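Peer 1: Below you'll find the structure I mean.
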């Protein structure tokens with residue numbers, strides 16, 4: 001048992017006394033898992049919902065009542081649609097009138113080619129319907145499809161600081177319920193969208209609400225864990241991301257209609273809303289808000305669940321208040337406080353740069369699952385499966401090597417993998433896939449480490465502000481990420497080179513952060529400013 005310094009108990013010691021990772025915390029994690037498995041489903045949904053099936057112009061307008069009607073379907077295509085260099089049918093162009101001489105193998109050079117006149121015909125063998133087939137987001141409107149992902153992440157970007165601020169003001173528990181209900185509502189509404197514009201607006205709001213689930217859940221879990229089990233809890237929490245990824249690959253494989261898919265991946269939220277009543281409020285937050293009675297109530301509950309009831313005798317609301325020692329008065333903290341004093345400013349700037357890089361490269365790899373020569377369901381499944389062993393590896397190395405070195409190593413090696421793939425030709429798809437999967441696992445590792453690292457870098461009073469701010473920067477990276485793929489028109493290796501450069505430079509920025517392995521969570525900004 002730890003020695004408690006002269007009659008004052010730190011909150012972390014209180015948690016250790018009542019078991020900082022027992023049945024109570026496991027229950028907390030399991031309840032949160034119901035809502036958290038929907039996150040990766042929505043964040044990577046565009047891989048399936050926005051999939052582009054093979055397509056060509058609709059040629060029914062060329063019916064002239066004569067010869068055309070008597071041709072076989074294959075012959076109709078032959079006389080109506082020009083071919084590309086590689087012999088496939090053109091996706092975006094057609095002949096102005098049927099070129100019957102093509103049937104006998106003669107090619108006329110002066111056949112007039114026009115853009116598709118009356119829509120497209122899609123190959124429905126893989127997907128029954130996607131956003132692309134619903135609103136014809138192909139050819140000149142190709143960018144509108146990529147934009148649906150970007151708009152969703154802009155929503156997440158706005159939602160993160162908004163929910164961070166509100167949950168610091170009104171508590172983690174209430175806002176978690178608000179996030180559950182609004183996510184469910186907007187997700188279902190977007191599934192019933194009647195137009196592209198309505199869909200994108202609903203996706204924006206879905207993103208905002210899901211951001212709330214994402215950052216509040218992390219904070220609530222970490223705030224209930226004691227120092228010695230914090231790494232473990234951080235890694236366990238991130239396993240539900242992997243579960244969600246597997247779930248997405250499975251559901252998408254069986255549900256090939258985008259509207260039904262959207263509803264199905266959102267269903268776990270209904271369970272989460274029912275289970276919400278058993279969630280505790282964060283005792284740390286209650287103490288920071290000087291509400292010792294309520295904090296004591298939850299601490300007692302935790303002690304009871306973890307079979308440590310006899311420890312509770314020494315803990316009274318009064319000792320709890322003392323454990324959150326420095327009297328903050330009723331100071332309201334904002335994001336500005338992250339930049340006021342030199343030490344926390346350095347932390348804020350560096351962690352911002354690292355988060356941008358982590359998210360930018362992770363989604364650059366994850367949202368681009370075609371291009372390995374495998375089908376999208378299999379690629380998604382392989383990408384999800386590599387995460388599990390990776391996270392177990394991360395857990396052991398974090399305890400031995402420390403946060404900062406791990407973060408640097410993960411980002412630099414992700415950069416190296418991206419760099420190697422620039423030089424591997426498209427036809428060597430086995431090598432490309434192996435290197436990509438390695439790069440993906442490294443960027444996944446950098447994500448897991450960074451989530452934990454960030455919660456340990458910021459003091460309790462501004463922790464949600466800090467998480468909200470870094471989350472904002474990260475989503476900025478994510479929003480730009482899908483659009484980088486449009487740069488391949490400039491130079492085909494430009495996207496890969498961009499991802500690589502960002503990964504390496506943010507890895508270097510990580511070297512400037514302080515190490516937090518086995519240190520106490522800072523409670524106030526002063527804890528960072530005066531050397532520990």
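Glycine is treated like the rest: Cβ placed from N, Cα and C.
TrEMBL: automatically predicted annotations, no manual curation.
What you are looking at is a predicted structure, and each value in this text was computed from that prediction instead of being measured.
Under the heading domain 'Major facilitator superfamily (MFS) profile', TrEMBL lists 104-518. Under the heading transmembrane segment, TrEMBL lists 147-166, 175-198, 204-222, 234-254, 260-279, 347-365, 408-424.
Describe the structural context of these features.
Peer 2: Sequence-distant contacts of the transmembrane segment (175-198) (same chain, six or more residues past either end, CB-CB distance under 8 Å): 35, 38, 42, 135, 137, 144, 163, 166-167, 205-206, 208-210, 212-213, 216-217, 220, 259-260, 262-263, 266, 269-270, 272-273, 276, 279.
Remote same-chain residues near the transmembrane segment (234-254) are listed as 29, 32-33, 36-41, 44-45, 47-48, 217-218, 221-222, 261, 264-265, 376-377, 380-381, 383-385, 387-388, 391-392, 394-395, 398, 447-448, 451-452, 455 (criterion: CB distance under 8 Å, separation of at least six residues from the stretch ends).
Counting residues 6+ beyond its ends, the transmembrane segment (408-424) has Cβ neighbours under 8 Å at 354, 357-358, 361, 365, 431-432, 435-436, 438-439, 442-443, 445-446, 449, 493, 496-497, 499-501, 503-504, 506-508, 510-511 in the same chain.
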Peer 1: Kindly state the mean pLDDT of the domain 'Major facilitator superfamily (MFS) profile' (104-518) in the predicted structure.
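Peer 2: Mean pLDDT, the domain 'Major facilitator superfamily (MFS) profile' (104-518): 87.
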